[in-house]
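Undergrad: Have a look at this one.
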Amino acid sequence: MSAETVDIRELGAQGDGVAHTETGPVFVPFTLPGETVSIAREKAKATLMAVKSASPLRVEPPCPHFGPDGEGGACGGCSLQHYDMAAYRDWKADLVRQALAEQKIDIPLEPLIAAQPGERRRLVLTGLRTDRSVILGFAAARSHQIVPIRVCPIAVPAISQRLDTIRRVATAVATGTAAFRVSVLATVSGLDIAITAPMKLQDRRRLLAIETILGLSEIARVTVDGEVLVEPRRPIIQFGKASVTPVPGGFVQASAIAEGHMAQIVSAHLKPSKRIADLFAGSGTFALRLAESAPVHAVENDKLALAALDAAARATQGLRPVTHQKQDLFRSPLMGMDLKPFDGLVFDPPRAGAEAQSRELARSSIRRIAAVSCNPTTLARDLRFLIDGGYKLLSVQPIDQFLWSPHVEAVALLERKG
Ligand SMILES: C[S@@+](CC[C@H](N)C(=O)[O-])C[C@H]1O[C@@H](n2cnc3c(N)ncnc32)[C@H](O)[C@@H]1O
């Protein structure tokens, strides 16, 4: 490690300040453009030692666990709490703008839909048994060390006010010495906690854990390695009229408010469609809402997510038919004949995007397409295929689903003129 003073020029894609040095760019977490800072560094990675000259856009972070002086260590859950909110939001929209510009896609963005503290309904924490108890928190920035959290301003009150309850659940279940994953989802009926770990609960221990957890009134379900340990109430999340039982620890949009905006934009665009496909459908976030007005075919590779979608579709009155298909859309995208029945389609792939599928869509005659993505770079790449295939890009809406992180969601709407 060597110590030096550097000037921060800009923010990198991961939210770290970037200094340009003779040996190349150096990334310094918790810094802002225009600041002069002293750092300790190893190659391109640096640790902030002191801010010598602060940006006027530097603000007091609202969370005690944030930053290099954070309580318990520098929590890795957030990276930009020290940035003035308006400037931070401009930076978020810019991530989408820059990704589109790199693909030479020229369209004015819709104004960013902003996030507020207290909106995240899903957190993935790490637990670790110590001599006396279990610590529960986020991994520290750039490290495997766990920062135990006592507050979490980004989370919905149903989680942030129940961190002690979640810790008690983790303590009741934890047996080994290895770190384990605690995925927490705030549902309509209570907390759905999915614990994943290389741990085996012996019978006596299992009974004790069940007894402890049943005494905690805010719990809907606790699963260990995908198996239900207790389920005093069925966990439910609402996709329009449909009540879905989420897959333990499975994918759910991080914020119900952001999801509502995304679904509203997608539904309005696909409203005139007579038959809709939902690709990378998960457990039906879009499909089940879209089925309120048209038949929907959902395609997804996770069979548990599809089972949740199917069960909810069957149990919901008044939906148009919902069919589903398990398929790996990276290896075998829907092709010409598969796509023919649809005049509307939404796709919402993981961060890697939907390259193979977008190439096929670009050749299709589907009238309206909505592309949803949490990665502006792969979204822009996939939009380029569609535009080159003759689709007109109508709008791109950035949505700050992941407050104070470097991640941003976007919904792009396209149309093929008849
Ligand atoms: C960003 S999530 C979106 C899910 C859903 N649209 C939603 O809003 O909840 C991406 C989804 O793609 C699925 N997926 C990942 N790889 C896939 C693949 N190769 N083929 C099909 N689906 C895949 C995941 O299981 C996950 O449900």
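Backbone N, Cα and C atoms are what each Cβ position is placed from, and that goes for glycine too.
Per TrEMBL, domain 'TRAM' is recorded for 1-55. Among the features that TrEMBL reports, S-adenosyl-L-methionine binding site is placed at GLN253, PHE280, GLU300, ASP348. The active site annotation in TrEMBL covers CYS374. Positions annotated as active site, nucleophile by TrEMBL: CYS374.
In the displayed structure, how are the listed features positioned relative to their neighbours?
TA: Taking H, G and I as helix, E and B as strand and the rest as coil, DSSP gives the domain 'TRAM' (1-55) the counts 0 helix, 36 strand, 19 coil.
Listed in sequence order, ARG122, GLU259, MET262, THR285, GLN401 are the same-chain residues at least 6 apart in sequence whose CB falls under 8 Å from the CB of GLN253 (S-adenosyl-L-methionine binding site). DSSP assigns GLN253 (S-adenosyl-L-methionine binding site) to coil, not to a helix or a strand.
In the shown protein chains, 20 other C-beta atoms lie within 10 A of the C-beta of CYS374 (active site). CYS374 (active site) falls within neither a helix nor a strand when secondary structure is assigned with DSSP, and so counts as coil.
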Undergrad: How big is the gap, in Å, between the Cα of CYS374 (active site) and that of PHE280 (S-adenosyl-L-methionine binding site), rounded to a whole number?
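TA: Cα to Cα, CYS374 (active site) and PHE280 (S-adenosyl-L-methionine binding site) are separated by 13 Å.
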Undergrad: Setting GLN253, PHE280, GLU300, ASP348 aside, what same-chain residues sit with their Cβ within 8 Å of the center of the Cβ atoms that define the S-adenosyl-L-methionine site, listed in sequence order?
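TA: In sequence order, the nearby non-listed residues are PHE251, ASP278, LEU279, ALA281, GLY282, THR285, PHE286, PHE347, PRO349, VAL372.
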Undergrad: Greatest CA-CA distance (Å) over the residues GLN253, PHE280, GLU300, ASP348 that the record ties to S-adenosyl-L-methionine?
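TA: The two farthest binding residues have Cα atoms 15 Å apart.
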Undergrad: If I restrict to non-local contacts, at least six residues apart, and a C-beta distance under 8 angstroms, what lies near PHE280 (S-adenosyl-L-methionine binding site) in its own chain?
TA: VAL299, GLU300, LEU329, PHE347, ASP348, PRO349, PRO350, ALA354
